[in-house]
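As recorded in TrEMBL, the features of this protein are as follows:
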- A:Lys230: active site, proton donor (ACT_SITE)
- A:Gly27, A:Thr28, A:Gly29, A:Val30, A:Val31, A:Gly32: NADP(+) binding site (BINDING)
- A:Thr104, A:Lys128: NADPH binding site (BINDING)
- A:Glu215: L-homoserine binding site (BINDING)
2 protein chains.
Amino acid sequence: MSAVLAAEAASAPKPRASSSAAVVLLGTGVVGGAFLKLLNTPAAAALRLVGAANSRRQQTDPAQLADRALREKLRGQGDARDDAALLAALDASGAAVRVIVDATASAPLASRHVEWLARGYHVVTANKALAGGDLPGWRALQGAVAQGGRYGDSATVGAGLPVLSTLRRLRGCGDALLTLEGVFSGSLSYLFNQYDGSRPFSALLLEARERGYTEPDPRSDLSGEDVARKLLILARNAGFALRPDEVEVESLVPEPLRGVDVDAFLARLAELDEPLAARHAAAKARGGALRFLARLNQRGRARVGLVEVPAGHPATRLYGTDNQFALTTTRYNTQPLVIQGPGAGPEVTAQALLGDVLALL
Amino acid sequence: MSAVLAAEAASAPKPRASSSAAVVLLGTGVVGGAFLKLLNTPAAAALRLVGAANSRRQQTDPAQLADRALREKLRGQGDARDDAALLAALDASGAAVRVIVDATASAPLASRHVEWLARGYHVVTANKALAGGDLPGWRALQGAVAQGGRYGDSATVGAGLPVLSTLRRLRGCGDALLTLEGVFSGSLSYLFNQYDGSRPFSALLLEARERGYTEPDPRSDLSGEDVARKLLILARNAGFALRPDEVEVESLVPEPLRGVDVDAFLARLAELDEPLAARHAAAKARGGALRFLARLNQRGRARVGLVEVPAGHPATRLYGTDNQFALTTTRYNTQPLVIQGPGAGPEVTAQALLGDVLALL
């Protein structure tokens, strides 16, 4: 079979030979690092890295950019951060397609996306801060896209699971979203897929944190804010121009633990246990289970929080850090269109970024 | 909220004003009829129908094409079928984008797709006979696409569930399919989602036929050939250039019932019951269930047939006529990427055709 595979690979979909792109990468954390690895694979042969930056340093020297240890070296070497020099490197590349890949979570960087689009650069991003930020920013983004700017946002929701593309495709065909429901956080998916009351929630949380499933400060996950941002992006793509404060968010972080520093929070983690144990027991007594769900209805009401779902609910059928997105539309109305799978992780997120860059060719 | 919705609709993704397409529709059955309805919606404003044909007659007169009763009128009126006249209507349209939409299941028509692509027409199809047909046809299609022809095939698998697009996107990023498993037939999904041994399988089948869930001759579904064709299309898109006879197919039609006419088959339907009842009972005794699955592994082995799956298997969690596609890849390897939902029906299939046409603009 390998001969057949090799033969077929030659006719696999690929960028047209005539097109190539110059790429600047912002952010060399876990996602940016995975993206750099992908750039060194044959799938990215049409792409040329002309700049890379972390939050403090950057590199535009081709020899340095080709160094496999680029990410590590940027920690101590390179030029000071300077957007203008990165854009100049894109311009100097002579490439017709010039792409800025934002693999950070920086709000200041996201606030520049619209300007970059307006100046003719394409933006591909895992950074949710613009599309999932305030409404004027979203509207400015829509304006830039209407002027022909192309914005690759697959990595902002579900780490590239084909949710945004599907939603936009259905909408482009005149279909309308009736309800959207799902589990949009890998860490919260894991926690509630695992939590069965036999161990304290805090013990499970610490274990998840050690495995790298949560942010270093788990309150980023537990607050529901990350889920709310994803729901906001989906809702806006479904036609609901919601403000962030229109998404109702239930935080799992008790009020007294919200203002303290990370160490203090981790030291007092056991304060989470009793309320959750009580809710779990009550749900279990009724044959249900707890899941952290995001929901949008056809009137644009958006809510994120812990929900008791009945046995057999689709969200009870998830494993590991799976995300799940169930779309009921005018035409998908007998059963929802469901997309689920790993919705977090550097490798799939980086692949989503690469897919969006390749789609520009 | 409606004001917000209306405002946002203006900035919804839509075809650029400068581009439009001329469309010829082949086939005015249930899918073609649903497509005609979609052409009369705002989502299709950029499309102009310049020809429509059923298997015997066609129409290229704008006044007739604009008639809402076009489909019915074509049964008794119109010109005799003539591809050349339809292509001439596309050429005469002056449109830069000329699209032939094949909503038939005709193998002779599918055999012309490659020629049409070579002549500069785009082809959008629900017809599986080329991509799921013999290997030389598939290779010719790949050749035409490599030359720049664009082939919209979303409707051939899962009635437009975003499976082929996802598979191609992953592959374009250098990801490789390890296993593909799923339920690819709406009728077989329904039959085995329902079948619990309490009623004879034949009674359930007749009921499904009356509801329009099966083909008029249910052997088209029960033979597994339709599922095999979809698996072939998916396998080829995953890089396995399989011949049709390389897909192992288990037919649910007993040997003696394969050659008889439809009425005789329907009269002898009860002959299906005992073997299935025995298999169901055996599966149930082991805590399992029967599902009609398609499977492809990383060595390109493809099989379609009835499988006893354990309780909790994803395929046991389907409702109605849902299809399900589970993709395990190099990068989606801890849990599969799963896409499920209604995988049959005129409305969603027609929407898939429309989406592929709009993607050409």
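Residue numbering: from 1, along the chain as shown.
Cβ atoms are placed via backbone N, Cα and C, with glycine included.
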Long-range Cβ environment of A:Thr28 (NADP(+) binding site), under 8 Å and at least 6 residues apart: A:Leu36, A:Ala52, A:Ala53, A:Asn54, A:Leu70, A:Arg71, A:Leu74, A:Ala103
Binding-site residues compared (A:Val30, A:Val31) - highest count of Cβ atoms within 10 Å: A:Val31
Entry from the binding-site residues list A:Gly27, A:Gly32 having the most other CB atoms no farther than 10 A: A:Gly32
Three-state secondary structure, A:Lys128 (NADPH binding site) (per DSSP): coil
Fewest other C-beta atoms within 10 angstroms, as judged across A:Lys128, A:Lys230, which are the recorded positions: A:Lys128
DSSP-derived structure type at A:Gly27 (NADP(+) binding site), helix or strand or else coil: coil
Which recorded positions sit within 10 Å of A:Gly32 (NADP(+) binding site) - Cα, from A:Lys128, A:Glu215, A:Lys230: none
Top Cα neighbour of A:Val31 (NADP(+) binding site) in the set of recorded positions A:Thr104, A:Lys128, A:Glu215, A:Lys230: A:Thr104
Inter-residue Cα distance where the pair is A:Lys128 (NADPH binding site) and the residue listed as 'active site, proton donor', in Å: 8
Env. residues of NADP(+) site, Cβ within 8 Å of mean position of A:Gly27, A:Thr28, A:Gly29, A:Val30, A:Val31, A:Gly32 Cβ: A:Gly33, A:Ala34, A:Phe35, A:Asn54, A:Arg71, A:Ala103, A:Thr104, A:Pro346
Residues that sit under 8 angstroms from A:Thr104 (NADPH binding site) by C-beta distance, when 6+ apart in the chain: A:Leu26, A:Gly27, A:Gly29, A:Gly32, A:Ser55, A:Ala126, A:Asn127
Chain-internal residues near the residue listed as 'L-homoserine binding site', provided their CB is under 8 angstroms and they sit 6+ positions away: A:Ser187, A:Asp221
